[in-house]
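Here the structure is laid out as structure tokens; the discussion comes afterwards.
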């Protein structure tokens, strides 16, 4: 069964983690417009050359070019590969364009899954995280400190780092931006009855189980 899904969630909700698990466990492919754009420009595809010319001129890439990128990538993958859309669509016009792109290839949008988070809890989750500067092992001030203070459990390094944008102001600004971006498209998909919300603050395995159940891929 080929699935076409949109996975929504603000930064820090665990969207990337869940998309990666679906890729690893079910062979699904995550379609990130940013990644596709960079890949097309690097490969010098017809759409990529169009996009490069626009960006070199300091202009925003049009919906038509983004739609072309998605169509190009779906054609590369073929009809039997399930896909996860990330960062697209963000407007009603893009949602309409996506319908056309999928329909032209015998596909339909099956599910829109939103990872819902509590804003205060998300601030706590993000502002407390840090990682080993050498191996990248992740830690948290409240939930996962190194077993021996200031020494990485995995590689023994004493050097740790935090992302410069892991601060409360940035997190709350991103939440506002996320709501603004999803506001135009959620009602469209809710009217079709294909939106399901999952508690993004639950443990990773539980979130994955909920998504698997929605998609019918559990077990």
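Glycine residues also receive a Cβ, built from the backbone N, Cα and C atoms like all the rest.
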(request) Kindly point out the range from 90-127, 128-165 that Swiss-Prot annotates with region 'LID'. (result) 128-165
(request) Identify the region 'NMP' range according to Swiss-Prot, selecting from 32-61, 182-211. (result) 32-61
(message) Cβ within 8 angstroms of the Cβ centroid of 132, 135, 152, 155: which residues besides those meet this for the Zn(2+) site?
(response) 133, 134, 136, 137, 153, 154, 156, 157
(request) Return the residue, from the listed binding-site residues 61, 155, with the maximum count of other C-beta atoms within 10 angstroms of its C-beta. (result) 61
(request) May I ask for the distance between residue 132 (Zn(2+) binding site) and residue 162 (AMP binding site), taken between their Cα atoms and rounded to an integer number of Å? (result) 9
